[in-house]
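Asker: Below you'll find the structure I mean.
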């Protein structure tokens, strides 16, 4: 089964762009900022595993 998750949003409500697909240190840091431990770059946007619908932009 696919792991649930979401695209985190910044304070302006935008997704975080990324260029290095897969394991991506920038995305890991973004995901930790949003309170989850792991994420990666997918389709040029940071994706965070187990992130709820991201209503609280940071």
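Yeah, the Cβs are placed from backbone N, Cα and C, and that goes for glycine too.
When I checked Swiss-Prot for this same protein, it listed these features:
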| type | residues | note |
| --- | --- | --- |
| DOMAIN | 3-58 | domain 'LCN-type CS-alpha/beta' |
| DISULFID | 18-41 | disulfide bond |
| DISULFID | 27-46 | disulfide bond |
| DISULFID | 31-48 | disulfide bond |
Asker: Could you give the number of helix, strand and coil residues in the domain 'LCN-type CS-alpha/beta' (3-58) as assigned by DSSP?
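Answerer: Helix, strand, coil within the domain 'LCN-type CS-alpha/beta' (3-58): 9 helix, 15 strand, 32 coil.
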Asker: Can you tell me how many other Cβ atoms are located within 10 Å of the Cβ belonging to residue 27 (disulfide bond)?
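Answerer: So the Cβ neighbour count for residue 27 (disulfide bond) comes to 24.
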Asker: Round to the nearest Å and give the CA-to-CA distance linking residue 48 (disulfide bond) with residue 41 (disulfide bond).
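Answerer: Distance (Cα to Cα, whole Å): 9 Å.
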Asker: Which of the disulfide-bonded residues 18, 41, 46 has its Cα nearest to the Cα of residue 31 (disulfide bond)?
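Answerer: With Cα distances computed to residue 31 (disulfide bond), the winner among 18, 41, 46 is 46.
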Asker: Distance between residue 41 (disulfide bond) and residue 27 (disulfide bond) at the Cα atoms, whole Å?
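Answerer: On Cα coordinates alone, these residues lie 6 Å apart.
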Asker: Per-residue pLDDT averaged over the domain 'LCN-type CS-alpha/beta' (3-58) comes to what?
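Answerer: Averaged over the domain 'LCN-type CS-alpha/beta' (3-58), the predicted model reaches a pLDDT of 93.
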Asker: Rounded to an integer, what is the Cα-Cα distance in Å between residue 27 (disulfide bond) and residue 18 (disulfide bond)?
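Answerer: That separation, Cα to Cα, works out to 7 Å.
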Asker: Can you grab the distance from residue 46 (disulfide bond) over to residue 18 (disulfide bond)? Cα atoms, rounded to a whole Å.
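Answerer: Distance between the two Cα atoms comes out at 6 Å.
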